[in-house]
Amino acid sequence: MGNAATAKKGSEVESVKEFLAKAKEDFLKKWENPAPNNAGLEDFERKKTLGTGSFGRVMLVKHKATEQYYAMKILDKQKVVKLKQIEHTLNEKRILQAVNFPFLVRLEFSFKDNSNLYMVMEYVPGGEMFSHLRRIGRFSEPHARFYAAQIVLTFEYLHSLDLIYRDLKPENLLIDHQGYIQVTDFGFAKRVKGRTWTLCGTPEYLAPEIILSKGYNKAVDWWALGVLIYEMAAGYPPFFADQPIQIYEKIVSGKVRFPSHFSSDLKDLLRNLLQVDLTKRFGNLKNGVSDIKTHKWFATTDWIAIYQRKVEAPFIPKFRGSGDTSNFDDYEEEDIRVSITEKCGKEFCEF
């Protein structure tokens, strides 16, 4: 690298440092003083279910006053308690209302009633990366790299705030109208300065240290990035089997096989991300994220341009109008039932 290039790199590193310092200040203000609830169920017209989970659903809604479309996540308090997800749910809201990054879905409103908790997010009509990946089969390396770069920047941002994401997978990545990623579902995100021990995540994406019940840190997100890049470029994840236990055996074995079409740079990056030895895993070494950002596979990536959303996306999802749901699957519709008496008031008093 010439002197000019070295100087440019140096000033970029400095401006990233400044950016993250300011971002932390903004985050901490909101983290320490979370925004009060600012809406109610009656403010929204419910349109269609976009997804369902073990303790709730996500619906497309229309805000009556502004006619804007949003995605409303509805969590049944009693089910959250039964599934021991109180802490996770409180984390999700507290984190979402405090973060601000181009590739994170925005929380616009939140509130609760006798039965449910509600989080109203911007609606991303392009649907999940998962459905596009399954339809296309696999993404070319440049296509996969475009998405991977956004996740790298997002993790750099989150980790600088001491946040671990813990739930990276194609189902949680929405493709917006410009073809960029919106990370959704902060149900497992957590603010951790040292290590944490909770077993959570999705089997195919779990890092070995989580499976082995060791204390773990932010490095689990970099492992998951390796799994995601592999799955985007191959069309299937690096470790898969019928039963979770068989998946776990493969993950901890430290053996990965690559399709013959993977470039040597891609294989090299993945060997460093899917590295069982934490003292060798990229993202977890003394240079931190820069080992990943300066890796040969990312040589053509203009990190600033990606952050500024100036790079042309490889794929723009098709949709007609802001309330179109054609990129989401159909689900059975169910009424939202609200009890006349308060449920689990104590558990969720801080929501």
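Our numbering is plain: 1 for the first residue shown, then up by one each step along the chain.
Placed from the backbone N, Cα and C atoms, the Cβ positions cover glycine too.
Because the structure is a prediction, the values reported are computed rather than measured.
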Per Swiss-Prot, Leu50, Gly51, Thr52, Gly53, Ser54, Phe55, Gly56, Arg57, Val58 bind ATP; matching candidate in Lys64, Lys73:
Lys73
Around the ATP site formed by Leu50, Gly51, Thr52, Gly53, Ser54, Phe55, Gly56, Arg57, Val58, Lys73, list the extra residues of the same chain whose Cβ is within 8 Å of the site's Cβ centroid.
Ile74, Leu75
Could you put numbers on the helix, strand and coil content of the domain 'AGC-kinase C-terminal' (299-351), residue by residue per DSSP?
5 helix, 0 strand, 48 coil
Among the recorded positions listed here (Leu50, Val58, Thr198), which has the Cα closest to the Cα of Ser339 (phosphoserine)?
Val58
Closest of Thr52, Val58, Asp167 to Ser140 (phosphoserine), Cα positions, recorded positions only:
Asp167
Residue among recorded positions Ser11, Asp167, Thr198 with Cα closest to the Cα of Leu50 (ATP binding site):
Asp167
